[in-house]
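Features reported for this protein in Swiss-Prot:
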type: BINDING; residues: H46, H48, H63, H120; note: Cu cation binding site
type: DISULFID; residues: C57-C149; note: disulfide bond
type: BINDING; residues: H63, H71, H80, D83; note: Zn(2+) binding site
Amino acid sequence: MSANRIAVLRGDNVSGIIRFKQEKEGSPTTISGEIKGLTPGLHGFHVHQYGDTTNGCISAGPHFNPYNKTHGGPTDEMRHVGDLGNIVAGADGTAHIDISDKHVQLLGPNSIIGRSLVVHADQDDLGKGVGDKKDESLKTGNAGARVACGIVAVSAAS
């Protein structure tokens, strides 16, 4: 049984549509779409704990982390389920997303349905921060402010 989900991201100047598809429980999830209005460069991209945007993106809570691990990069074994690394916005402020992730699940007990997808202002350091940035790096990747977010919702097959 395959699953299709969507997140419509909104922020003050940033917007986008992200689609999720998973063929069966335990298989990788494909994450694709486009986000506009970003500053050129790298931006942290994460699934957050709550599907709550009542107080903007801050209501989304911390990164989705059902296994209580430290923050890491998308290819690290030690990472939050929600750690999707960085997306890249071009000179026009548009980021094209095409990710396949084995940790993000649409089916099963740790589904991301109803949780929030957040894009951040800054580059995610992937848990590799040093010195006075190390503690925050292991929680958030020092990715900065939340510039847009949306709730992962059920969508029609596409």
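Glycine too: its Cβ is placed from the backbone N, Cα and C atoms.
Swiss-Prot feature annotations superimposed on the structure.
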residue : record                 : Cβ within 10 Å
H46     : Cu cation binding site : 27
H48     : Cu cation binding site : 26
C57     : disulfide bond         : 23
H63     : Cu cation binding site : 24
H71     : Zn(2+) binding site    : 29
H80     : Zn(2+) binding site    : 27
D83     : Zn(2+) binding site    : 31
H120    : Cu cation binding site : 25
C149    : disulfide bond         : 26
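The recorded positions listed here (H71, H80, D83, C149) include C149 as those with a Cα within 10 A of the Cα of H120 (Cu cation binding site).
If you check the recorded positions H48, H63, C149 against D83 (Zn(2+) binding site), the ones with a Cα inside 10 Å of its Cα are H48, H63. Surrounding the centroid of the Cβ atoms of H46, H48, H63, H120, where the record places Cu cation, the chain contributes additional residues within 8 Å, namely G44, F45, V47, A60, P62, F64, G82, D83, V118, T140, A143, R146.
On the backbone, the CA of C149 (disulfide bond) and the CA of H71 (Zn(2+) binding site) stand 19 Å apart. A Cα-Cα distance of 18 Å separates H80 (Zn(2+) binding site) from C57 (disulfide bond).
Within 10 Å of H71 (Zn(2+) binding site), counting CA to CA, the recorded positions H48, C57, H63 contribute H63. For C57 (disulfide bond), the nearest neighbour among the binding-site residues H46, H48, H63, judged by Cα separation, is H48.
Reduced to three states, the DSSP call for H80 (Zn(2+) binding site) is coil. The Zn(2+) site is defined by H63, H71, H80, D83, and by the 8 Å test on Cβ atoms against their centroid, the other residues of the chain that qualify are H46, F64, N65, K69, T70, G72, R79, V81, G82, G127, K139, T140, G141.
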